[in-house]
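As recorded in TrEMBL, the features of this protein are as follows:
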type: BINDING; residues: ALA44, GLY101, ASP214; note: (6S)-NADPHX binding site
type: BINDING; residues: GLY213; note: AMP binding site
type: DOMAIN; residues: 9-273; note: domain 'YjeF C-terminal'
Amino acid sequence: MPSPSERVITPKVLREWPLPDPSGGKESRGTVLVVGGSKFTPGAVLLAGEAALRAGAGRLQLAVAEETTIALSIAVPEAKVVGLPGTELAEGADVIALGPGLDDIGRTTELMRDVLGAAGPDTAVVLDAYALGALSKDASLLPRPGRAVLTPNLVEAEHLLGRAPGDDPGPAAAELAERYGAVVSLYGHIASPDGRRWVEESGDVGLGTSGSGDARAGIVAGLLARGAAPAQAACWGAYVHAVSGQRLALRHGRTGFLARELVEEVAHTIATV
Ligand SMILES: NC(=O)C1=CN([C@@H]2O[C@H](COP(=O)(O)OP(=O)(O)OC[C@H]3O[C@@H](n4cnc5c(N)ncnc54)[C@H](O)[C@@H]3O)[C@@H](O)[C@H]2O)[C@@H](O)CC1
Ligand SMILES: Nc1ncnc2c1ncn2[C@@H]1O[C@H](COP(=O)(O)OP(=O)(O)O)[C@@H](O)[C@H]1O
């Protein structure tokens, strides 16, 4: 049941809150820079990056572990791929998605200082995975929270809150949004620092698949790149992620579909809202 303070995200609500017209060239749909990956988890960046393109981003850049640059440039031929930290690309990026696939809090902290410090004043930021662990230790790592979306899973929310989110993630999302001054998307519950709240109710068990959160962070980044506001990108992102899962569940069953298949559904789901 949604709380009375949460608006349920339905196709009608989204159609009243349309995404910016995507009819311009790729320059007008923005550049996403995904910063993340490690020697042993390079695929998270691939999932997030491809999800950003499927959500409509114009250009994709990946800053990844040095030893994975060649493999990822072959796996994602649409992207420019450089070694971490990727600071040289940060100033020109419209959106920076930081965290997927990182595996060390100290290294992530350094990356956040370097990359977000080099970002332009209007750059939007999506923080996921290890970036949220680092943020839980040092809130100053998010220099301009106003254009940020945080996409924690329940473990990351616990690190950020300092306690378990409890049975209803809605109040936890609202508390985090207020604390960090950023939009928070937590398990289908979206909260904005101005107090607005939404809930997406179509999600199902199959969405709990490896890489699902990486895909969702990438969708949000792509929507921001094409010009959506942070709360709009988070609401559309949660809906598109959940409905893409529903469509896969109809074809394959409630569980067993893959995050990469979720990513492939994204463009069609957006087009049919
Ligand atoms: N194909 C791939 O490459 C995949 C990579 N993935 C990546 O794998 C990484 C690890 O994911 P797991 O869920 O196993 O993560 P862990 O179980 O290692 O940690 C869960 C979360 O706790 C936080 N954390 C860890 N150490 C902390 C500390 N010392 N202090 C505060 N917070 C801390 C981090 O924010 C982390 O995201 C993530 O970066 C994720 O993006 C997964 O999403 C699955 C797919
Ligand atoms: N059992 C479930 N029911 C509904 N939605 C789910 C379920 N499992 C996952 N999800 C959705 O998928 C998102 C990503 O899943 P999660 O396991 O938290 O990803 P990750 O650990 O990769 O970040 C969640 O935030 C939630 O919105």
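The chain as shown is numbered from 1 upward.
Every residue gets a Cβ built from N, Cα and C, even glycine.
Selection of the binding-site residues ALA44, GLY101, GLY213 by a Cβ distance under 6 Å from ligand 2 yields, in sequence order, GLY213.
The residues near the (6S)-NADPHX site, meaning same-chain residues not in ALA44, GLY101, ASP214 whose C-beta sits within 8 angstroms of the mean position of the site's C-beta atoms, are GLY36, GLY37, THR41, GLY43, VAL45, LEU46, LEU47, ALA48, GLY99, PRO100, ASP128, ALA129, GLY211, in sequence order.
Counting only same-chain residues at least 6 apart in sequence, those with a Cβ under 8 Å from the Cβ of GLY213 (AMP binding site) are PRO100, ASP128, ALA129, THR151, ASN153. Around ASP214 ((6S)-NADPHX binding site), the same-chain residues six or more apart in sequence whose CB sits under 8 Å from its CB are ALA44, VAL45, LEU47, ALA48, ALA51, PRO100, GLY101, ASP128, ALA129, ALA259, listed in sequence order.
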